[in-house]
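S.K.: I'd like to ask you about the structure that follows.
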Amino acid sequence: MSFKLGVVGATGLVGGKILEVLEERNITPQELYLLTTKKSAGLPLYFKGTKIFTREIDVELFSKLDYILFAVGGDVSEEFAPKAVQAGATVIDNSSRFRMAPHVPLVVPEVNPETAKEHQGIIANPNCSTIQLVVPLKYIDDEFGVKRVIVSTYQAVSGSGKAAMKELRKNAALQLAGYYEDTERKAYPKNIEFNCLPHVDDFTESGLTKEELKMINETRKIISPNIKISPTCVRVPVVNGHSEAVTIETEENNINPEKVREVLKTGAGIVVNDNLGENDYPTAIDCDDSDQIYVGRIRKDPTLTNGINLWIVADNLRKGAATNAVQILEYLLQT
Ligand code: 2RA
């Protein structure tokens, strides 16, 4: 199918991954426009060997485009996504701005692809920490019925952008050289190197962070409003790849690790790495640059009769953002 595509935020971490994933999946728009804010306009980027210069976001251009992938902050999406829809384009938005709007489908293609068809111009990509949770959770919910989830995240600094990745590397080098006093705290309120911050996104009056609220609300919207979720989101000094330690309490009391392994092994987009004798469990470094969601350490929860514990890892920039958005585009192109 011939279509014209725009990528807003093409010079960002997620925007760059979107171009990579489009190339890898051999998705070739008839025309491709790489849009950015004024400060990043005019830069050369490459798609399938062709040089394309970035252009400042241009509302006039929107009417030429069939699909626009937004990989920018909520403020830019809020300003431009409705204008893109007005101009006739379909938007797949990575920001949190529209995720909970009732008329906006929140889509993970392995879980609820058909909801994408109900869009009224905007489809939202869930948050990275939600995406890697809901895929395994869906298969466990289908088989055993999920009642309650307790999840602690170990989130890489790439989730905060390029400057945070630089800060981690620079500060770690300074500390190793004995220059703690020269380290910077721009990306986070405390040092991230050799440290863990129980603080991802802003705090709210409830005591939960916005990231924790995203995990609760988005998981309920995607799988079921009945699931109870208790999250703690933690930023860790990992460059890329989010990990999650998850306790799942189910309705059915016939759950056990062997059955969960079998169910997850057949799940689309999931790889089970769970062979303790061979130290086989996923880590962020193993999963870097992959589109799969990796699950390991599947074991019975010692405190629950119907409970299972597991460990989930995924590349937050790919499956947690760019790949999921491109999969939604693929789904729309095929239906
Ligand atoms: C983070 N969830 O890791 C964010 C990125 N979307 O901070």
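A Cβ is built for glycine as well, from the same backbone N, Cα and C atoms used for every other residue.
Given the structure is predicted, the values throughout are model-derived calculations rather than measurements.
These came from TrEMBL, pasted as-is:
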ACT_SITE  C128  active site, acyl-thioester intermediate
ACT_SITE  H242  active site, proton acceptor
BINDING   T11, G12, L13, V14, K39, S40, S158, G159, N316  NADP(+) binding site
BINDING   R99  phosphate binding site
BINDING   Q155, R235  substrate binding site
DOMAIN    4-119  domain 'Semialdehyde dehydrogenase NAD-binding'
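Please go over these features one by one and say how buried each is and what sits next to it.
M.R.: In sequence order, Q155, G159, H242, A314, N316, L317, G320, A321 constitute the residues six or more apart from C128 (active site, acyl-thioester intermediate) in its chain with CB-CB distances below 8 Å. Classification of C128 (active site, acyl-thioester intermediate) by DSSP places it within a helix.
There are 30 other Cβ atoms within 10 Å of the Cβ belonging to H242 (active site, proton acceptor).
DSSP assigns N316 (NADP(+) binding site) to coil, not to a helix or a strand.
Following the DSSP three-state reduction, the secondary structure of R99 (phosphate binding site) is coil.
Within 10 Å of the C-beta of Q155 (substrate binding site) there are 26 other C-beta atoms, taking all protein chains into account.
According to DSSP, the domain 'Semialdehyde dehydrogenase NAD-binding' (4-119) comprises 38 helix, 30 strand, 48 coil.
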S.K.: Please work out which residue of K39, R99, R235 has the most C-beta neighbours within 10 angstroms of its C-beta, and give that one of the binding-site residues.
M.R.: R235
S.K.: Around the Cβ of N316 (NADP(+) binding site), how many other Cβ atoms lie within 10 Å? Please give the count over every shown protein chain.
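M.R.: I get 28 for this one.
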S.K.: T11, L13, R99, S158, R235: which of these binding-site residues put a Cβ within less than 6 Å of any ligand 1 atom?
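M.R.: If the test is a Cβ under 6 Å from any atom of ligand 1, the answer is none.
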S.K.: Which whole-number value in Å describes the distance between the Cα atoms of K39 (NADP(+) binding site) and R235 (substrate binding site)?
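M.R.: Here the two Cα atoms lie 29 Å apart.
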